[in-house]
Amino acid sequence: MNQHTQPLGRIDVLDGLRGITLLFIFIVHLSQFFTPSTMGNLTTNAYVLFSNSSYPLFAFMFGISVVLLYDRLQKRELNPTPILFRRMLILAPFGLIHLLFIFSGDALFSYAIAGLMLLLLVKIPQKWLLTLSIFFFVRGIAGNDIAQLIGIPLDISSMLPESFSVVTSYFDRALGDLTYMLPGMYAYRAGLFTHLPKNRRLLWIGAPIFLIIGITVKALFFYDMVDNVSITILQLACLLVTTGYIFLFLAIGTSNKKVRSLLIPFQAVGRMAFTNYLLQSLICVMLAIDTEHAYFSGWGLIGEISEISLYGLGLFIFLLQILFSHFWLKRFSYGPLEWIWRMGTYWKIVPMKRKIVVTDNKQKASGM
């Protein structure tokens with residue numbers, strides 16, 4: 001690890017990337033929550049651009065956050081392992097409640113499982129991080145090919161008793177998450193987010209190449225333009241799109257101040273990603289209501305809202321989240337759920353409200 005390029009404070013670039021990724025995920029989730037009255041090109045285009053590419057991008061950011069916190073704790077001469085262990089244990093019940101009672105597409109529960117696995121890998125050398133991520137990815141696509149070849153279901157958990165299938169399904173999903181968390185750990189340890197890399201021009205060149213190739217292949221699949229696109233080819237295309245987004249955001253985040261400013265609107269919502277992720281589900285459930293779990297009452301928009309209105313509503317909701325996050329963080333140091341998560345992680349009461357520091361007769365808010 002390049003010790004000279006790792007800052008001790010929050011890396012604003014990471015917050016911006018996390019916020020953009022949260023928008024991508026929300027766009028994919030909209031049609032799953034509401035099932036618009038007509039399914040047309042808008043929904044298909046959303047799946048082409050973001051499905052199976054936004055969650056891997058979120059996993060990439062999660063891997064960065066784990067190793068970032070690990071290094072910070074070491075610099076403070078604290079033992080990172082028990083602290084991170086508590087952090088993942090606290091995340092798990094939030095994900096499980098979200099999964100069982102609100103949205104079956106939850107990612108937090110499998111992230112908690114994958115996060116516990118990361119604790120075993122966080123100390124390994126950089127060169128092994130990418131090697132392991134390639135191994136997990138090859139394992140995934142090879143498993144699909146073998147399953148198709150011998151005629152067994154791609155989801156092996158469907159062959160097991162229900163009590164075992166749920167555990168197996170999320171354990172397998174956690175292994176898939178590791179495929180993208182490990183490169184995130186590598187990217188942070190290599191200092192790609194904290195200094196201007198010499199190969200930034202390659203990032204700008206590589207990003208459109210990966211995105212164009214990956215999106216084209218995904219479009220062929222989702223628009224049924226070819227008779228047969230194998231699962232392996234589709235997974236590789238999704239990987240290219242994810243890599244393209246990573247390259248693009250790396251290039252933006254490590255460029256000059258003017259270019260980096262493109263990420264500023266997303267920083268506050270990214271700092272409160274935990275709160276905003278669950279808030280999106282709660283809002284959508286209360287608006288759609290006719291979901292698989294009838295624990296809420298709402299407006300009953302499922303199947304009633306038009307496609308264009310749905311995505312307009314989604315962008316409006318996300319804009320409100322940006323404004324809410326911005327004004328919340330002016331008064332408080334952490335989002336509501338981030339505050340609870342932090343207290344559980346460090347096992348102590350953490351002040352939530354920002355301090356007011358008086359300097360030269362001016363008041364300034366500062367986090368604690």
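Even glycines carry a Cβ here, placed using N, Cα and C.
Of all ranges given (54-71, 108-125), TrEMBL attaches the label transmembrane segment to 54-71. Packing against the transmembrane segment (229-252) from elsewhere in the chain are residues 16-17, 20, 24, 49, 51-53, 56-57, 60, 137, 140-141, 144-145, 148, 154, 180, 187, 192-193, 197, 200, 203-204, 206-211, 213-215, 217-218, 220-221, 259-260, 262-263: each is 6 or more residues past its ends and has a CB under 8 Å from a CB in it.
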